[in-house]
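J.: Pasting a structure below so you can have a look.
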Amino acid sequence: MAEPLLSNELPDNVVYRNLLLSHGITRLATQGWLFIAPLVLVRFTPGRLIGPAVWGLVTMLGSALLAPPLGAWADQTDRRWVVTLGVSAQAVAVLGSTLVLFLALQGADARVADGSAAPVALAAFTCFSVLEKLGTALSDVAVKREWAPRLFQGDRLKRTNSMMSQIDLWSETLGPFLAGLLITGLDDVFGFVAVGLLNVLSFPPQLLLLRRIYAARAAKLQPLRPEEVHRKANPLTPKTGAWSAWLHHPSGIQFLGLSYSLLYLTVLSPHGAFLTAHLAQRHVPSYQLSLLRGAGALLGVTGVLMHPPAQELLGARVADAVFVLWLAGWTVMALDAFHRAPDAGMTPTLLLFMSAVCLARPGLYGFELGVLNTEQDFSDARHRSAIGAVDSALTSFATLAMYGSGLVLTRPDQFVVLVDGSTLFVSLGAATYLVWLLLYHSHKHRHSTPGSPVS
């Protein structure tokens with residue numbers, strides 16, 4: 001009799017508020033941490049992009065290979081332990097990374113101080129980053145992709161998705177800004193350490209709020225039993241296996257995942273490690289780099305806010321097409337400006353390039369919100385975490401390919417090749433979505449019960 005009492009302990013509005021608060025706490029701290037990561041990596045390998053390239057290659061490869069089986073496991077496991085394991089892994093990983101950067105950059109060991117141990121520091125920092133990435137896949141991805149549609153339906157679910165996307169973007173503004181203040185106000189090394197420790201301190205309240213939600217809504221967050229699902233979305237869909245569930249799912253959900261992942265085959269991101277490292281090598285001040293991230297995030301918020309009225313005016317799919325074409329158009333503008341920019345310093349053409357990169361953000365985040373809503377509607381309820389993990393793996397493979405190219409194109413003057421490739425793949429991502437729109441324009445879906453699979 002205790003469970004019904006717990007399920008009535010928190011009203012829906014409190015559950016909604018706690019979910020957003022837990023997401024906001026950790027995202028704010030994490031974005032500050034992600035801002036300093038490329039600055040630390042450049043210190044490990046001064047004058048070259050190989051540090052950020054190795055870090056990105058290994059972390060994305062680990063995520064791409066391990067996130068889908070973790071997602072499939074999460075679909076069949078007690079959600080309380082899933083988020084506990086995920087958040088704990090993130091905390092341990094960030095604490096370990098902070099210790100590594102402190103020892104390496106302080107020069108506590110003579111071999112580290114003279115740079116001879118830089119490969120060891122880079123390897124250790126990268127290994128901890130892989131653990132952090134996997135922890136994120138278990139906690140943040142599961143909560144956003146799987147908890148939200150279990151806890152809320154209809155307009156409340158869409159509002160939850162929109163608010164979580166806005167939190168992500170506001171965090172990209174405030175996190176780097178606050179991290180930049182710490183780095184400026186303190187010695188660089190102690191500023192890095194302070195950002196890392198603040199990130200570690202964000203995880204306990206996040207976990208406490210999520211476990212409180214679980215205690216209040218445990219019945220809704222249990223893994224679905226076969227008899228609870230009226231039928232499969234596709235009789236060919238296997239019972240287990242994230243990739244199999246994704247590959248055999250109807251509705252062309254594969255096109256959505258591929259189109260979205262192609263947008264990650266780019267270095268043209270205001271918060272990307274490669275672009276941050278490259279601009280730092282071109283002597284762009286760190287405060288201007290934090291402003292670049294902030295401007296991109298703020299413009300991204302406009303995309304999230306404009307998505308609901310655009311959907312009302314044009315329909316969900318056409319609105320998403322407009323957003324992804326906006327992204328592709330400004331990416332082409334950024335390419336043109338970059339080709340005309342000189343090699344060093346902040347110049348009008350480099351400023352135009354950075355502005356175009358930021359102005360593309362409303363398209364990306366409006367499209368991202370539309371894809372999230374569509375996939376939550378179309379996904380079989382038993383496989384939401386698995387399908388979300390596959391999407392995460394696809395974006396990791398895409399980012400992996402871009403970081404891998406950075407191992408070959410390590411010189412700053414070769415960055416233009418990465419910009420050319422980025423424009424090509426973003427354009428292909430937009431074209432893939434348009435193909436899905438043409439092929440599946442007549443597809444209808446329905447929900448027989450809340451959380452049930454689609455037709």
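Just so it is clear, glycine is given a Cβ too, placed from its N, Cα and C backbone atoms.
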J.: Kindly point out the range from 167-185, 262-280 that TrEMBL annotates with transmembrane segment.
T.: 262-280
J.: Between the transmembrane segment (286-306) and the transmembrane segment (80-105), are there at least three Cβ pairs closer than 8 Å, leaving out pairs fewer than 6 positions apart?
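T.: Output no: the transmembrane segment (286-306) is apart from the transmembrane segment (80-105).
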J.: Which stretch from 54-74, 80-105, 318-338, 350-374, 415-439 shares the most C-beta pairs under 8 Å with the transmembrane segment (20-42)?
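T.: Out of the listed stretches, 80-105 contacts the transmembrane segment (20-42) most.
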J.: Same-chain Cβ contacts of the transmembrane segment (80-105) under 8 Å, 6 or more residues past its ends?
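T.: Contacts of the transmembrane segment (80-105) (Cβ under 8 Å, skipping residues fewer than 6 from its ends): 26, 33, 40, 43-44, 74, 112, 117-118, 121, 124-125, 128-132, 134-140, 142-143, 188-189, 192-193, 196-197, 199-200, 203-204, 206-207, 210-211, 214, 218, 221.
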J.: Look at every Cβ pair spanning the transmembrane segment (350-374) and the transmembrane segment (54-74), keep those 6 or more apart in sequence, and say whether at least 3 of them are under 8 Å.
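T.: No, the transmembrane segment (350-374) and the transmembrane segment (54-74) are not in contact.
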J.: Give the nonlocal contacts of the transmembrane segment (415-439) in its own chain as ranges (CB under 8 Å, at least six residues past its ends).
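T.: Distant Cβ neighbours of the transmembrane segment (415-439) are 49, 252, 255-256, 258-263, 265-268, 274, 278, 317-318, 320-321, 324-325, 327-328, 331-332, 334-335, 338-339, 367, 398, 402, 405-406, 409.
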